[in-house]
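Taken from Swiss-Prot as is:
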BINDING   Gly633, Pro634, Asn635, Met636, Gly637, Gly638, Lys639, Ser640  ATP binding site
Amino acid sequence: MSSTPKQTTGDALAGHTPMMQQYLRLKAEAGPLLLFYRMGDFYEMFYEDAERAARLLNLTLTKRGNSNGTPIPMAGIPVHAMEQYLARLVALGESVAICEQIGDPAAAKGPVERRIVRIVTPGTLTDEALLPAKADRALAAVCVTGKREPRAGLAWLNLASGAFHVTECAPGQLESELHRIAPAELIQAESAELHMAFEGARTRVPDWHFEADGARAQLLAHFKTDSLGGFDVEDMPAAVCAAGALLRYAARTQSQALAHVQTIAAERPGQYVLLDPVTRRNLELTQTLSGEESPTLFSLLDGCRTPMGSRLLRRWLHHPLRENEPVLARQHAIATMLTVRQEGEQAFAAAGLLETLRDALNAFPDIERIAARVALRSVRPRELASLRDALVALPALHASLAPLSGSPRARELAAQLAMPPDIGELLARAVASEPAVAIRDGGVIAAGFDSELDELRALATDGGDFLVQLEARERERTGIGNLRVEFNRVHGFYIEVSKGQTDKVPEDYRRRQTLKNAERYITPELKTWEDRVLSAQDRSLAREKWLYEQLLDALAQYVRPLSQCASALAELDTLAALAEHARRHDWVAPELIDGAEIDIEAGRHPVVERAIERFTPNGCRLDQTRRMLLITGPNMGGKSTYMRQVALIALLARTGSFVPATRARVGRLDRIFTRIGAADDLAGGRSTFMMEMTEAAAILAASTPASLVLMDEIGRGTSTYDGLALAWAIAYRLLTHNRALTLFATHYFELTRLPAEQPTAANVHLAAAESAGGIVFLHEVREGPASRSYGIQVAQRAGVPAAVIRQASRELERLEAQGAPTPQLGLFAAALDADVQSQAMTEQAEDAAALAQLRDQLAAIDPDSLTPREALDALYRLKQHLT
């Protein structure tokens, strides 16, 4: 049963104290959100909020008096520990309304004035302590419009940086788009029914937030413009609806306008190489198949020196580009960094430009997020100090980029680093060299910045001389040699006299505190001075807070250039990290062409090669005359690694990175598909085979001649003949209809006949060799089909009992003998005469049985335990069995 009163007006509030009435009004405003209600040094929660918070945060649940005759549940957290509790709540998908005291307790006649100043939700985090340093945390909104031809509008905002994006797609693509963006929170209309998987928090808002006119008006008002034409979104009505609703929600959570959100970036179909959720997972771009952060492609490449660079690298890996021009610009910048390093020894000594640049980047904080917090007025003093120091280092970094002028992109980035000198000068004058953590602690504004503050500080802190003089005068006046003038936070200033000297105390001394061995007094002169000092401390802190607010006002005009500078620093950092990785590991610049083609010479898997001592390079050629590679070979032979390797090299090439190969040529791709591995979707009621077919259906429906498709052992989840038939039909469809660039791994050797019918298909295999010790995987891709699968040898290496291996070998021989005249390829070719087939099967079955019996007898003999006579007898028996 709910312990919270259901109404907050009229008679419902009459039975509550004024403070609780205030709380209930604010709680009604917060709605279902947890309300952190500031009371002194604690945030308190009451009623259901207290019970919920106590359960989620493991807090002690207490009571605070009675209201309407019922004890009020209460739980609280210290103000200084708020961030750690917020982080835990947000991780659990909770949202919290922060209510602060905004009135002066000393001047308040009733409850101190309070107001909800901020709402913290999973998608609206801006505090450094709550955000992952190397990943974005976006807030998204979705709106589906139209009945005859529905369109899904999607908007997403990174509140910690101000980046605001929109796009439109078919409703069926919405889940894939959300997986690409990976927002922490999704806003949708109350009546909207979105049947799709989404792991983040969902928030419903009134339908009218998504109405076209209101959403458009919200955007026009925010950007202070009469038209959205300048943002290139006029032809995206569903996206505009989503963007307006999102901006309204985000502004409400911050209780202010979002000054750092200064533009909308419209993303169009065809801008990126599309990767569906299955492909992102299978390629392990930023998360392993087991959910770990390492080893992944991102963890391998992330040598960035700033959090901004790491986040940009993550975005690049998830958003490979289709068009060659921007990719080539990045690639050229990386090549220039490497070339200057090799040839620019005179300018940069032995270290080289690349090392100099990367070392310089170490000095830069997360300017992207600091700029956002300046706009939101939540920036901390020490962040401003780090920004000040970064601006001091910026001119030297800018000058060091001069040798990169051969790269147009590097020149553009260098130009973006230029900052107005005023901001650096302002921060240098205003912020103390080592400011306090929070403005409430004082010591943030630098000495000399404000004369009034300097006077108050002097009055509050430089009273040492006065106290020394007062103590000397009082000792002389009273004749008390051990008299002391001291201070503590509880009783303020006092004169302490030992018990044995109290008879010498003058009449103007007033007792302040009695101790066991001493008395403490105050005099009119000391009281007057105490009032001045304590008043000066309060006024000093108030003045400093006011000056800090004025400083934030002055810094607001620099948010845009700060954001541009941060963007340039992030890209320079990312490019330098990719250049350093290419230099260390012998990666090369791929050739980018317009046609759909992949030609790799001696390619390597970027992650696997770093995990093993020796990696075998392999090439791959897919072009107009060679659309599909049918890949056969043993289990553990490296088929899946090879396929992923090709996809990762293609993806890296489309991000602008160098690639692990001796030579590579990669064309314009529109999508990358993968069908690798097997997994059940138990919650969705789909078996392994159903999942396999669902993924295959998506590939057949969407792949084009410009797509790269990876299909691994399709059809293995059902019976042999069903699986073979499906694998053949799917491969044939991909080859003749979709015409996608396809890597098709299979254990169905019957499929290796496909190139005989379709010349644009080719056979390759992962080589293996048998030795006395068993099978040896060569991990080398060779032309032509494999001769066998070596499944039993792999099982033997895995530790399957010898008896099972022997029985499996006999069964394999029997099956091969039976199936030799009528291989499964008979599904697609004419069968032999039935009588001839039957006779051959009978003869081979008899031979196989005799051979199996002989093998069993031989395996049962232990030569070491036989006498010479017994060994000779055994040999005769075996010989007789053969005849």
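Glycine too: its Cβ is placed from the backbone N, Cα and C atoms.
Here the features listed in Swiss-Prot are painted onto the structure.
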residue : record           : contacts (Cβ under 8 Å, 6+ apart)
Gly633  : ATP binding site : Lys639, His765, Leu766, Ala767, Ala768, Ala786, Ser789
Pro634  : ATP binding site : Leu766, Ala768, Ile775, Phe777, Ala786, Arg788, Ser789, Tyr790, Gly791, Gln793, Val794
Asn635  : ATP binding site : His747, Ser789, Tyr790, Gly791, Val794
Met636  : ATP binding site : Phe777, Val794
Gly637  : ATP binding site : Leu766, Ala767, Ala768, Phe777, His779, Tyr790
Gly638  : ATP binding site : Thr616, Leu766, Phe777, His779
Could you check the binding-site residues Lys639, Ser640 and say which one's CB has the most other CB atoms within 10 Å?
Lys639
Once Gly633, Pro634, Asn635, Met636, Gly637, Gly638, Lys639, Ser640 are set aside, which residues in the chain still have Cβ within 8 Å of the Cβ centroid of the ATP site?
Leu766, Phe777
Under a three-state DSSP reduction, the secondary structure at Met636 (ATP binding site) is coil
